């Protein structure tokens, strides 16, 4: 059985655990760097990206997470997690992990649209996935080898680059586990 970690520093941790378990995989909440060796793939959840970054610095996660990526292990960033994975963030000089060749903009759907749901067609996942957007970022641009998986109102809201998967919305907040299953399948492929 594959083991999927959820970075447990801040954000929607419990909901991701529930979704992973609903897909028949084992979930591990990651609170210590040493735990990264126990898992096959990692979800970086939604929350608040600057707070998450502060905690990642405090607990020494930045370099170990980059090493985890260098080992070829899949990583899935949702909402704030997407921002953590991105190589460029609009209005910021430095990225967080800078692993995925995308540029993201924070809170890009505007204050008046703080949260909403939208039906999405996600390539390889579903034609009718309900995305829950909460102060969501979006992907402004992608590198040449990044596959755009979904758009909403002409904005990129899900993408994949090899072992990296990212989305603007919160797939863990509904009972539709197909996006989580897609990531688990990515992890299984790397183990084969």
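For all residues, glycine too, the Cβ spot is worked out from N, Cα and C.
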One of 18, 106, 160 listed by Swiss-Prot as binding L-glutamine at the site of 47, 48, 49, 134, 135:
106
Relative to the Cα of residue 106 (L-glutamine binding site), which of the active-site residues 79, 170, 172 has the closest Cα?
79
Coarse DSSP state, helix versus strand versus coil, of residue 134 (L-glutamine binding site)
strand
Protein Cβ atoms within 10 Å of residue 172 (active site, charge relay system), excluding its own:
27
